[in-house]
Amino acid sequence: MAEPKASPDEVDDELVCHICLQPLLQPMDTPCGHTYCFHCLSNFLHDQDFCPVDRQRLQLQQCRASSLLVRNLLDKLAVLCPFRSECQQGMQRCELQPHLHNRCPAFRRLREEAERKKRPSWNELKGSKSDGDLADAKSTPIARTGQLSGPSEPGLVNPAFEEGEDDTPLRSSLVAEATVVELLREDPDEDLGLRIVGGKDTPLGNIVIQEIVRDSLAARDGKLAPGDHILEVSDVSLASIPHSRAVAVLRQSCSRVRLTVMQEKGFKPRPEHLAQHSASPPSQSPSPNQNHGTIIQVTLVKREHSEPLGIKLIRKSEEPGVFILDLLPGGLAAKDGKLRNNDKVLGINGQDLRHGTPESAAQIIQACEMRVNFVVMRLPDLSEEGGEGQSRGTRRVPEPQYFKRRSEYMKEPPVGFSSQEKTVSLKKEPRHSLGITIAGGRDCRSRLPVYITSVQPVGCLHRDGTVKTGDVLLSINDMDLTHLTYNEAVTILKTQAAQNTVTLRVIQTFAEEEEQDGESSTREDMDTLEGPKEDDINWAPLWTRWLGLPSYIHWCRDIMLMKTNSESWGFSIVGGYEESRGQQPFFIKTIVPGTPAHFDGRLKCGDEIVAVNGVTTVGMNNSSLIPMLKLQKNKVTLTVVSWPGSLV
């Protein structure tokens, strides 16, 4: 649905498109200094070759996305819900889409009406129901769940969902599920144990869990997983805030943390009998091993209206309808034991879902009072026939170590991130300390460069003021520090610091969005993010600080994935060249459970792909990278740069 535009009288003229005279949508800047909506400008330049204002020669490829500051100002514009007759809600423009999909009653009504029009008669199903027993009403409540499936994001390519040479989908669609997870901590300041990447100021857009720290609060709870997208923290939305602000929200001191996360789930191989059946003429009668399966009726009884059932639902690309992906351990459905993974949901409480969606199924379940009646179709179990099941059992074990080296691929940082080299020369007494502590080194787990964790008030560098916490060390007295291990760096720093003259070269990174966001943040928030606590010996820069480093400091690793012809690689990517955004690096956004990338275990969300089989991805767009990945039938080597996520 199109986003409503506020009246130009309410908006600064600098934020108004010169073509449609409305507030900008996807603003694009021209080389001659004018700004237009992306669609307005692309439609205009389809027939013309000049700027609409000054008529200078212009092509769309010359234009670039407007600055983050402009986009932030546009996101904060006040708008009204487009369904004003039924919903008078006012909000910031960036909150409109979540409002429509999650809260607007008028939009929900229209969506349900559209779904009902597509549903065939329910009476066709009634004659085929079989009897089932009542479920055990005793169950332990688990996290509330609801299904979400939004439009694909610009720049998102999905090698996880490959198609065969005959263009027949081999995999079911990946559907996101919204889950509420509550974490309780005895110490309000205890870390949750999550490493996160992403944010509005990065190509990933959303805040994504990169890693669960072992033995942490989140690890003990067990409900969160790498790849989960964090949507809200205790009712504070993370949808339109930069990375640094999201970290500040997640680090807030409290005893109860309520996280709303979107979990992207895996998919199962396409059943062989379905592929055969789809190729059969419509009039052909199915053979015994091509039957439609058994119709089963199951009734679940909830102890209270809000109790979740513990069922994860998905849609598949090869056929319409809703399927059960998984039953959550300890949930009502799992304890009952009658529903199974891969059951097709034909109906719930008399409402036909043969052509429904997981979203509509979730709404029906949520509207049920105590009894939820399922009619499902169960396909024959082919696990005993071997084939795919056996091949999965022989999945190779990942190599215990991987090769890391200095990156040879030169590229620019993502838009909004940059760095600056600084040099400081000091004359000092040999006995005086530089007054810095360091961490990193190429022998650490993430193969980081050596960086400064604190600048002590008693040291020489603190008095000079040039060197800051988080700066990466390049050299001291012309001795290169970028390739050293931690112990090697400590030895050289101590030796050179004993001299009368010390010349130190460092590099400082910048994130444009963090600086803008800092203007509205409290001083306490910024101090928490930028400086370590007195007792924090494990302090490290935020994930976004690494993104601004130049390529010559990057260390990359080669990851070789292997698969069978019928498998997909199992990761989704965001980035690449787009007319509306310019050139962005390719980042791993999702690792799909049950795929080669997941079993291998080395790829992480937030990793940057710099080459495929030795061919650089710099300058590529989506239409170039997707075919390259699809051409690799059984083996592919990804060269990636990986930075540790921010710890919260």
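Residue 1 is the first one shown; counting continues down the chain.
Cβ atoms here come from the backbone N, Cα and C positions, even for glycine.
If you check TrEMBL, you get these features:
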COMPBIAS  276-292  compositional bias 'Low complexity'
DOMAIN    17-55  domain 'RING-type'
DOMAIN    180-265  domain 'PDZ'
DOMAIN    297-380  domain 'PDZ'
DOMAIN    423-508  domain 'PDZ'
DOMAIN    558-644  domain 'PDZ'
REGION    118-137  region 'Disordered'
REGION    142-169  region 'Disordered'
REGION    266-292  region 'Disordered'
REGION    511-532  region 'Disordered'
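Each residue in the domain 'PDZ' (558-644) gets a DSSP state, and the totals come to 15 helix, 33 strand, 39 coil. Stretch with the largest number of CB pairs closer than 8 A to the domain 'PDZ' (558-644), among 17-55, 180-265, 423-508: 180-265. Across the domain 'RING-type' (17-55), mean pLDDT in this model comes to 87. Per-class residue totals from DSSP over the domain 'PDZ' (180-265), listed helix then strand then coil: 13 helix, 32 strand, 41 coil.
For the domain 'PDZ' (423-508), DSSP puts the residue distribution at 17 helix, 34 strand, 35 coil.
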